Amino acid sequence: MPELPEVETSRRGIEPYLVGQTILYAVVRNARLRWPVSDEILTLSDQPVLSVQRRAKYLLLELPKGWIIIHLGMSGSLRVLSEETAAEKHDHVDLVVSNGKILRYTDPRRFGAWLWAKDLETSNVLAHLGPEPLSDEFTAQYLFDKSRNKRTLIKPWLMDNKVVVGVGNIYASESLFAAGILPDRAAGSLTDAESVLLVATIKAVLLHSIEQGGTTLRDFLQSDGKPGYFAQELQVYGRAGEPCRQCGHPIEIAKHGQRSTFFCRHCQFRPIWPIMLW
């Protein structure tokens, strides 16, 4: 599933082609996504795009009448194409804008969403979200206080959007590895010092992934059709049985909250970051 770096990469990729342009029309080839494509998407002709923002894993297109809210789901991606590009099987939604470009949404598994909101404050999908991990609001003190008395395992706890947004399976595993914290510890066991280190590693891992265009494991593509290159630098995620890049011991895999967790039991008792290959 695209996580914060992939969504932010998409935002940065599409923003120059949309902001200041006017929507000519939309094409919905298949409205049956995770939630049905909002009817309003087809009524936005002559609406200028004022901004392209991101909240958590949602892309937000600001128009005078309201907001288009896009979620990439498990396998979605957005590309900016020229007008003559023919649609393929999994190309479900197009926005055609006044510079002749098409914002095309492709989603083989159809688990994403195209929703409409008159204002973000009343949007159910954006309610109750935690802080952005790259914001000043996400601090070591916040994480330490939030973790007190929590018996939940730390890895699924970090993936809870009420705690912090956008840190999914890939980046939770990678950040815990960089911080030298085993994923099967209770969240409440975090110390002050570990909270400082974990916040720093989460920010560093996310920022570096954004610089690399995110992680492509299967379906995700950047807006220009290129894959994300952070997959080549993953330290533990998806590497079960392979030698750890730091110590040579095999990477282990476990199930935490129905999700696969990757870690190095030999390394994750001491900080690895900033002594990372990248």
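Cβ atoms are placed via backbone N, Cα and C, with glycine included.
Values in this document were obtained by computation on a predicted structure and should not be read as measured data.
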Given Swiss-Prot lists His90, Lys150 for DNA, the same-site residue among Arg55, Arg109: Arg109
Structural state of Arg259 (active site, proton donor), classified by DSSP into three states: strand
Counts by DSSP class (helix H/G/I, strand E/B, coil) across the zinc finger (235-269): 0 helix, 12 strand, 23 coil
Under 8 Å by Cβ from His90 (DNA binding site), same chain, sequence gap 6 or more: Thr106, Asp107, Pro108
